[in-house]
Amino acid sequence: MKENENFISESTNKRECSDNEEKKIDIDDVLVNEIGQFGRYQIRQLLLLSLPLLMGAFSSEYVFSAAAIPHRCQIPECGEEGKDFELQPEWIVNAVPGTDSGGFSSCQRYEPLGANGSLEFCSADIFNRNNVIACDNYVYGKNNSVVYDFNLGCQEWMRTFAGTLSNIGTLLVLPITGYFSDRFGRRLALIVNTFNFGLFGSIRAFSTNYTMYMVLHFLQTFLGAGISSSAYIFATELVGPKYRVLAGALCPSMFAVGSMILGCVAWAIESWRHMILALHMPCFLIVFYYWFLGESVRWLISKQKYRKARSALEKVAKTNKTTISQESMTALLRPKVETTESRNLITAILRSRILLRRVCTTPFWWISTTLVYYGLSINSTSLSSAMYLNYILTYGIDIPGNLATVLILARIGRKPTLSGDFSVVRLLLYLLGKFSISIVVTSLYVYTSELYPTEYRHSLLAFSSTIGRIGSITAPLTPALMVYWESLPFVLFGGMGLLAGLLVLTQPETRGMKLPDTLAEAEVITKTGA
């Protein structure tokens, strides 16, 4: 009898142990041990994601479509009745005051006395050279900008407001896209954002005035600038732990390639309207992704869409020429009991001190990163005198930085990379600084996504990135600080970076850790990875 009791007890313990082992099986285990971390399926999906990632970079085309162009006052007294005249006729010094640099004023002219000249000769005698007045209209040296079409000469704040609106639209769309992605799926969020981006961008090419151009630009980013974050979340949830950094580095690298393509297209197509159409029309190909791009398995499991998750797992295994065991399939697709509170993001944050601390910390990393990144980009004109080459070089240097991240994060981890580069970036020359901050950007995407669980990942990554837009909105204002002290912008970059680097040290190391799917798994990182 005693032997039977011992046998029953032993069998029960084995069964409980077996059950516990089944419970511990997650998608990372299956990717590593069975269906493949980075097989043909993942490569095909990443190639599909490359196209929208390239297109996401086109949100910055306002750098060229709203570029500053040479201009001066129109001089009707000398026979000029339009915008298309020689920018520097021989008589221009008689009508327009000069500058200290040896040129002539773009926004001022001498007061006319009532007499007239001609395009061939315009005497200084018909102007009161002791009185300078503002321009009424303008003559432009180029016509490949909205500045020419909408007569924005000397209205610099209106011209540059396109960049401000772009960042405001992006700031607003990120939390919306995060919620939409976590609620309705990664694939649908990516498709909707890319389609909207192409739609409003294409319509903007037909703008009849600057107000229409600006409104459509805002709508384009407000309804479509979530492309990059959607694609990034998709990519990192697709691969196994060993290749997560590689997938994370490929995303900003594709964005950089897209930025270089943008520079080349703008260089090749002079008309800003034709350039915008050439960039945005391919976005409509995204509608076919509904049939070609598979949904994130992690998201399907987190939302308990088990029938679709089973089909997706079987497709991954078939494409990778591997198999998934029935035991693993059963363990992954076992229904999970969730309370109402666990489904509510705000409640989950407030109930978890660990998650609350991360939510308060990660946004500051993003503010510092975007401030330094965009601050350096703004000063890229010092690289050469060619606007298009400047832009191409500025983003070209990001690619080796992104790829270097793969080696750095794998060897020294997330925390040393972020805290180290943040504090020294101010000491480096421009290109080396841009190289370093590109490492930080890629690391930041990887690290932030690894700290949050699948059920809230895109929402909280979007929240951090949204707050981070404070940095990109502030960056264009930093050159004005040089009025008070020439080195003040760089002291600001360095101080923000140093503080952000110290805050990184308050969070756990995630190198080699599984991507957390639930809040409980995310909280355990503190105990095992710190």
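Backbone N, Cα and C atoms are what each Cβ position is placed from, and that goes for glycine too.
A quick note: this is a predicted structure, and the numbers were derived from the prediction, not measured.
Per TrEMBL, domain 'Major facilitator superfamily (MFS) profile' is recorded for 45-512. The transmembrane segment annotation in TrEMBL covers 157-176, 188-206, 212-234, 246-269, 275-293, 355-376, 388-412, 424-447, 487-505.
Spatially, the transmembrane segment (487-505) is adjacent to the transmembrane segment (355-376); three or more Cβ-Cβ distances between them are under 8 Å for residues at least 6 apart in sequence. Summarised as a single figure, the pLDDT of the domain 'Major facilitator superfamily (MFS) profile' (45-512) averages 82.
Distant neighbours of the transmembrane segment (157-176): 59-60, 62-63, 65-66, 68, 146-147, 193, 210, 213-214, 217-226, 229, 459, 462-463, 465-466, 469, 472-473, 476; these residues of the same chain sit at least 6 beyond its ends, with a Cβ under 8 Å from one of its Cβ atoms. Scored by C-beta pairs under 8 angstroms, the transmembrane segment (275-293) has its highest count with 188-206, from the stretches 188-206, 212-234, 246-269, 355-376. Of the candidate ranges 212-234, 246-269, 355-376, 212-234 has the most C-beta pairs within less than 8 angstroms of the transmembrane segment (188-206).
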